[in-house]
Amino acid sequence: MASADDYFSDFEDDELDKLYEKAINKSVKETITRRAVPVQKDLHDNVLPGQKTVYEEIQRDVSFGPTHHELDYDALSFYVYPTNYEVRDYQYTIVHKSLFQNTLCAIPTGMGKTFIASTVMLNYFRWTKKAKIIFTAPTRPLVAQQIKACLGITGIPSDQTAILLDKSRKNREEIWANKRVFFATPQVVENDLKRGVLDPKDIVCLVIDEAHRATGSYAYTNVVKFIDRFNSSYRLLALTATPASDLEGVQEVVNNLDISKIEIRTEESMDIVKYMKKRKKEKIEVPLLLEIEDIIEQLGIAVKPVLQQAIELGIYEECDPSQINAFKAMQQSQKIIANPTIPEGIKWRNFFILQLLNNVGQMLKRLKIYGIRTFFNYFQNKCTEFTTKYNLKKSTNKIAAEFYYHPILKNIKNQCENYLSDPKFVGHGKLQCVRDELMEFFQKRGSDSRVIIFTELRESALEIVKFIDSVANDQIRPHIFIGQARAKEGFDEVKYTRKHAPKGRKKVERLHRQEQEKFLEAERTKRAANDKLERSARRTGSSEEAQISGMNQKMQKEVIHNFKKGEYNVLVCTSIGEEGLDIGEVDLIICYDTTSSPIKNIQRMGRTGRKRDGKIVLLFSSNESYKFERAMEDYSTLQALISKQCIDYKKSDRIIPEDIIPECHETLITINDENEIINEMEDVDEVIRYATQCMMGKKVKPKKAITKKKRVQENKKPKKFFMPDNVETSIVSASTLINKFLVNESGGKQLVTSNENPSKKRKIFKALDNLENDSTEEASSSLETEDEEFSDDNNVFIAEGQNGCQKDLETAIIRTGESLTTLKPLHNFERPNMALFVNDCGLPTKIEKNVKDIRGNQHNLEKEKNCTVDKNNMVLSLDDWNFFRDRYIPEGVSFDVEPNFVQYTKGVKVPHCHKVSKIITLFNDESNDNKKRTIDMNYTKCLARGMLRDEKKFVKVNDKSQVDNNSVNHDSSQSFTLSNAELDDILGSDSDF
């Protein structure tokens, strides 16, 4: 017979693999090759720790079975290539490879990535009958652009498409079930996959735009991981202009998206050069102003002692004070904090030194790249913040105090204030270059041309707008274009000082403080309103307001609309304008600053030269030229490494059977009227609205007042959990997972099935569960005790007196009637417990049904004789009475009315009965060695022995059938009278006490 361990054995590894891979047609075969490698050994011929003696090579052979998608074999013989646009060689090649492999398409911006994706989607729409095609983009504007382009290229019927952007989940299940082509953000797809609304097995084609974002835990990565768990037979096409900044980043994207092939093109590629518009690049080196160099020198003098200390401690590399780098200082500080071996005191000292160097590095960067105005705002804020905290003793950083209280910083502050007080002062040479370039450009091209200026900092963007506006040229109309976040507020010295000032102990002081705070708050509100009113009067007022409060999507949309319309012809953008927005045709790009990221640089330059020639002006100061050239060289090297197959790719399913090789049919696609309408729309929200109405099968109508109607709530579909095939989805009880065994007569184990599970029937007395006993006797045995535990002898005898007459005792029975006189509960502490007394012959006195003579001191039972209760409310049922009659001795049982604890003992404890109270008092006296109690006990014992010796009857039973509780006298001294001689004889006898 199998042992118990066999029933609880774990799954084998191959069983687990089969369990997780039942739903996919992918099989992996691994071949491991091991080779011995030389290792270092000690004198005892033992391998040193950490040495590997074997080198392993793992080769994985991946194969795919037939796809689970329902294919249209009549359409598999060819694929359609639209000829509505110019046929380009690189697009033709990439489309052909993307149909049969998971491809990462990396080509310059404006080179038709959307056309490639649309063609792939069109053919998988033709080849499959029910499968889903999904196009994902990270933002709403990008999704709107893609649905506009795809429907205008492929001609896919609009009733088969859906756009999923809104947070509302209304009709989402129905949309996924009835449509085939979807345009959505990756977050929507991820959420619907997790909710069970979208079946991952239904997906046959997934297009990912801006694929360089597929790193870490971004939604793109999560979507692909989720689909891979259930489906390996789907095509993935990733689109980007720059896959990553380095080889490791490219490999991460390839791994996360299951890429099998990278199709990369540069502006110098042979098959793309002829289609590229001319982009003239102009690099301008801008020297630093003398005022800037003077401030840099003074900052170097102030920070030199701190820098020298950092160099001596080995936490920062040796350099000139003017070359302090904020990024390097931040990296070093993070390493120090993460190092657990450094003592806490040394760790925080080094951290504060590097933190100060980081702040100085930020000052130098702003001064060299953006100018004195941007520098002074940051410098003044940091100085004010530290000095205020240090004066209030909220900071004890002496290293930073040595710098911020340096006398030379006061000189820097005074110089900057003098410079900025002059309205004609130019804070940096780049501003003059921007003005000259714009003047020359608009004189040649006219005011109908468009210009974008890129900068990283918001303060710098606003400064550029104000400076351009000061030129007072009607041809140049600038506006800022930034993100939605509000500007960071500077350090408020007054607010911080008042917050940490003494609150005041007296009520008058607290009230005075509250009045001051209200007054200051009113002043701030009034000043903010006045400033806003002044800004609205200036031409740059909207830009200033946007810089303070940020630009929401509505404001961004309005600015872009005005830019396309010509109300503004110069946009000063932060990184928000680098990708993802359809800003339109731009003729001039000015990069006010540069970064070390080739992705950012390429995205910026890709905003021009799409449909006509453009110009790019790169402004360099300090070491920006070196950073730009190095970034572009690294990207060129990266492209070469990708072309040399230095990436570890993943094999993907062909989906189409191997014996079918589709031919290319170049076809002119006929676009229907609805798709043509979408293609002609310019407004993003209008495109989304129209596509949504087409998705819902509605005609576009002007908005009207809608009368609300009561909706009949439909039954929601239960959430669906996607699992591998042939998996038990129902709930399994724990008892079915355990095997039960019994030992049979031969001593072996016998498996017990669920039908053979033995169970003992036990008699339960429900009435006994409700009894409240107040006795010192031991509790009766458990109600679950079987009948056999009680004695079978129904005849009980009592020997009494010397004669020892024995007679059968009859159990006193109270017969239940249809109605009984209602009795109020008697308080046990007012009377002794009602036991059954025996007469001279030992026979019990029967207690009649009429119990009207039983009464308490506080309840008048005579007034309630006529009250009746149902017989079911008695203490015991008939079966319980019979059980007591057969099993119990009458002297040990007393029957009483069930007490109503809820009514009479609601707020107090139920006291003990008279008998129990006397026993408790007795034992307390014995524990306390009460002599009076001892004498009384001896006296009682002696009286009892004397009476037994004389054979006197000491129990007298009233012949009457009714017993009065008050007639019972428990004082033994009053029951008998003895002479003095008899008493002395008794007291002189031996005593057990």
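Each residue, glycine too, has its Cβ placed from N, Cα and C.
The local packing around PRO108 (ATP binding site), expressed as other Cβ atoms within 10 Å of its Cβ over all shown chains, amounts to 22. As annotated by Swiss-Prot, ATP binding site applies to ILE107, PRO108, THR109, GLY110, MET111, GLY112, LYS113, THR114, with the evidence given as sequence analysis.
Within the compositional bias 'Polar residues' (539-551), the DSSP-based counts of helix, strand and coil residues read 9 helix, 0 strand, 4 coil. The annotation compositional bias 'Polar residues' is assigned in Swiss-Prot to 539-551.
Per Swiss-Prot, the feature domain 'Helicase C-terminal' maps to 507-655; the stated evidence is sequence analysis.
Only residues 6 or more beyond the boundaries of the region 'Disordered' (530-551), in the same chain, are considered here, and those with a CB under 8 A from a CB of the stretch are 458-459, 461-462, 465-466, 469, 478-487, 559, 572. The feature region 'Disordered' is assigned by Swiss-Prot to 530-551.
Long-range neighbours of the motif 'DEAH box' (209-212) within the same chain, counting only residues 6 or more positions beyond its ends whose Cβ lies under 8 Å from a Cβ of the stretch, are 104, 113, 117, 135-138, 142, 146, 220, 238-240, 242-244, 249, 253, 257, 579-580, 599. Annotation comment: Swiss-Prot describes 209-212 as motif 'DEAH box', evidence class sequence analysis.
There are 18 other CB atoms within 10 A of the CB of THR109 (ATP binding site), with all protein chains counted. MET111 (ATP binding site) falls within neither a helix nor a strand when secondary structure is assigned with DSSP, and so counts as coil. Excluding ILE107, PRO108, THR109, GLY110, MET111, GLY112, LYS113, THR114 themselves, the residues of that chain whose CB lies within 8 A of the CB mean position for the ATP site are, in sequence, ALA241. Secondary structure by DSSP for the motif 'DEAH box' (209-212): 2 helix, 0 strand, 2 coil.
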